[in-house]
Amino acid sequence: MISYFVGSSKHSLWCLFFRNMADQTSVNRLTVDGCHPVNTSVHAFFILIYSLVFLVGLLLNSFTMKFYFCRTHHRVSSSLTVYLKNLTAADFLLCLSLPIRITNYASSSTTILQLHCSIGIPVLYFNMYTSILFMGYIAANRYLKIIHPSGTHMLQTVRAAKILSGITWACLLAPTISFIITFFITQKPQISDLRHCDSVFSASASLLGKGIHTCLGIIFLVVLISLVFFYYNTSHRVLLAQQRRFSSSNSKKLVKSRKNMLLLVCVFCVCFIPYHLVRLPYIFLLNSHSLVSVVLFYLNEVTIMISVFNVCLDPLIYCFLCKAFRAQVNLRMPSRFAQINIQPVNKERKSSEEQLDTLTPVTMIQTSEL
C-alpha cells in the first residue's frame, strides 16, 4: 500500500501526479510539509532487517558487555581497553534504541512517531557518532603503539583515555539533550496521518537539527581522513621494514598492525560512508517537492540501516585487537563443541565396553583349556 503526503497549495508537477494517484487509490494523507510518497510496503522489509540486527547485535554486545564490565577482579590495564569498553557501551545503547524504530515502522500511530522523532532518532545518532569517534580513538591508539612501542606517549595512558572518553560522551550528549528539549518546547500541534519526522519538527528544531548534522558530518570527515592517514603510514612502515629486512618479530608486528588498521577502515567505510553521502543532501533537499527528495528519502532509510549494522561488525574488532576477548571466545567455542560431541564419545565408550565384556569370557575359556 502506498501513502502520499500532500500539504502545500503550490505543487510541482511531481506532487500533482502523486496527488492524482492518491485520489485514485483513496489513500491521500495530509502533512504540513511537501509531497513525499512513502511506500509503506517496504516497512515490512525494514522491520525484518532491523529485528535481525537488534537480536544479533544485542546478543553479541551483551556478551562483550559481560566480558568488559562483569568480570571479577578485572582492572583496566591499557588505554585501548578503555576505548573498547566505551565502544561496546555505545553499540549496546544503540541496540536498545532500535525497538522504537521498529515499532514506528510497524505502527501508524502519531504518538509512536513523535516518540521515535523526539527520543529514538536523537539517541540513535548520539550512539552512532559516539561509535565513530571511539573507532577513531582506537585507530589513533594503534598508530601511537607503532610510533611509541614503549607506551610513553601521554595519550597512551589510561588516565588520558578516561578523560577523553568522558569529554566525548559529554560533548555529544549536550546537543542531543538540547535538540530533545527544543523539540518538546516548540513542537507543532498534533496532526493526524503524519508519517515522517520532518513533518513533526518545528522550524527551530529543524534548523537546530541541520546545524547539529553539519557538525557531525565534519566530525565524520575528520575521523575518516585520520583513519586513511593511519593506515597509509602503517603500510608505509611495513614496506620500509620489509625493504630494510628488519627482524622477523618486528616485521610481523607491523604486518599485524596493518591488518588491524585495515579492518577498522573497512568496517568504518562500509557502515558510515553511504549514510554520509546521502544525509546532508537529504536534510537540505527533502522539501524541494521533486523526484530527488523522494529518492533521497528512501536512500536515507537504507543507509541508516547499513550504519546500524555496525553493532554486529564491531565485535570483529574486539576479536582482532583484544587478546583476552579472543581467548574468552575461544574458551566458549570449544565448550559448545564438547557438549555437542559428548554423546558420540559416550556411545563409542559404551560400544567398546560391550566388546570387552563379550571378549572377556572367551579369553577366560581359552586360558582354562590351556
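Using N, Cα and C of the backbone, Cβ positions are placed for all residues, glycine too.
According to TrEMBL, the feature domain 'G-protein coupled receptors family 1 profile' maps to 60-318. Along the domain 'G-protein coupled receptors family 1 profile' (60-318), the predicted structure has mean pLDDT 86.
According to TrEMBL, the transmembrane segment annotation covers 42-61 (among others). For the transmembrane segment (42-61), the residues of the chain that approach it from at least six positions outside its boundaries are 88, 91-92, 94-96, 98-99, 101-102, 105-106, 298, 301, 305, 308-309, 311-312, 314-315, judged by C-beta separation under 8 angstroms.
Annotated transmembrane segment per TrEMBL: 82-102 (among others), in sequence order.
Residues 80, 83-84, 86-87, 90-91, 93-94, 97-98, 101, 155, 161, 164-165, 168-169, 172-173, 176, 179-180, 216, 219-220, 222-223, 226-227, 230-231, 261, 264-265, 267-268, 272, 304, 307-308, 310, 314, 317, 321 of the same chain, all 6+ positions outside the transmembrane segment (122-140), place their C-beta atoms under 8 angstroms from a C-beta of that stretch. Marked as transmembrane segment by TrEMBL: 122-140 (among others).
Counting same-chain residues at least six beyond the ends of the transmembrane segment (161-185), those with a Cβ under 8 angstroms from any Cβ of the stretch are 79-80, 82-83, 86, 117-119, 122-123, 125-126, 129-130, 133-134, 137, 141, 155, 201-202, 204-205, 208-209, 212, 215. Annotation source TrEMBL lists transmembrane segment at 161-185 (among others).
Residues or ranges marked as transmembrane segment in TrEMBL: 211-232 (among others). Within its own chain, the transmembrane segment (211-232) has Cβ neighbours under 8 Å at 125, 129, 132-133, 135-136, 139-140, 142-143, 175, 179, 258, 261-262, 264-265, 268-269, 272-273, 276, 279-280, 283, counting only residues six or more beyond its boundaries.
According to TrEMBL, the transmembrane segment annotation covers 261-284 (among others).
Annotation source TrEMBL lists transmembrane segment at 304-325 (among others).
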Folded-back contacts onto the transmembrane segment (261-284), same chain, C-beta under 8 angstroms, at least six residues removed: 132, 135, 138-139, 142-143, 209-210, 213-214, 217, 220, 223-224, 227-228, 230-231, 234, 296-297, 299-300, 302-304, 306-307, 309-310, 313-314, 316-317, 320
